[in-house]
Amino acid sequence: MIQLKTESEIEILRENAHILNEILRELIRASRPGASTGELNDLSERLMLDAGVESAFKGYRGYPASICTSINEEIVHGIPRDDRVLGDGDVLSIDIGIERHGLYADKADTVIVGQPLEGTLELIGVAREALRRGIAQARSGNRVGDISHAIGSYAQSRGYRVVKQFVGHGIGRAMHEEPQVPNYGSPGRGAKLVEGMVLAIEPMVWKAGDEKQEWVAEDGWTVMTPDRWPSAHVEEMVLITEDGPDVLTDMGACS
C-alpha cells in the first residue's frame, strides 16, 4: 500500500534529508587514497551519533555496517572493511540511510577517489543524467513506468546497462515502501504518481558488455557487475508535489 506523507512528516523528511547530505558530504571528503572503507563506516557512525540519528542500514536483514561502500565493479551493498583500502582512480559509491523521529532518509552518490581513470567520468555522468531524467518524470499524474523508462532508455542509448534485480522505492515511515521504482520499464505503466508520495530514485549503471546479469559475491551482500566493469550508483529522495518533483536530498550537493 502506498503511503502519502502529511505536511508534518514532509517537514521531518526534509530535515532528515539535510542531515543526510551533511553526513555524506563529510564521508566524500574523507574518501582519499589510503583511507579504508572501514574508516569511512566508523566516521559515519560518529557523525550519525553527533546528529542524533540512527543508521537505517545496520542490522537491516542482518547487514553488518552503517553505510554501503561499493568500489569499481561492486554495484551496491558493498560492506565496509578495515582492510579495504581506497586507491587512486577507484570509483566509490557511498549509500547511506538514516532514521529520525520514525522517518527515514536514503541517498547515494558515486565519486572518483584521487585522479580519474579513462571512462570513469563518463560513467558517473551517465548515471547522474539518467537520474535527472528519471526525476523529471516524477510528476503528479505520471506513472512509475515513466520514471523507469526515462532512466533505462537513456542509459541504453549511451551504451550502458542498468541493474534489474534491485530497484528504487517509496520511503518515509519505513526504509522500503511501495511502490517499487525499477530502472527500466514502459511509459504509462505502473502505479500512478500523486502528491504526497516520496520516492527514492536510484539508477545503478555500468558499461554494457557481453554478460548481462549482475551477481552477488560470497559475502551474500555485495552485488557485482558480470564482466568486472566499474559501475555507478546515484540516488535521490523526491517528493511529488503539485508543482513537480521536489528533490529533498539536493542532487549534486555532495559532488
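Note: Cβ is positioned from N, Cα and C throughout, glycine not excepted.
Between the candidates E74, E129, E235, TrEMBL assigns the divalent metal cation 2 site shared with D106, H169, E202 to E235. Record note: TrEMBL gives D106, E235 as divalent metal cation 1-binding, and the candidate from D95, D243, D246 in that site is D95. Distance noted between the C-alpha atoms of D95 (divalent metal cation 1 binding site) and H77 (substrate binding site) is 8 Å. Neighbour counts of Cβ atoms within 10 Å were taken for the binding-site residues H77, H169, H176; the minimum is at H176. Note on proximity: of the binding-site residues H77, D106, H176, E235, the one nearest E202 (divalent metal cation 2 binding site) is E235, by Cα distance.
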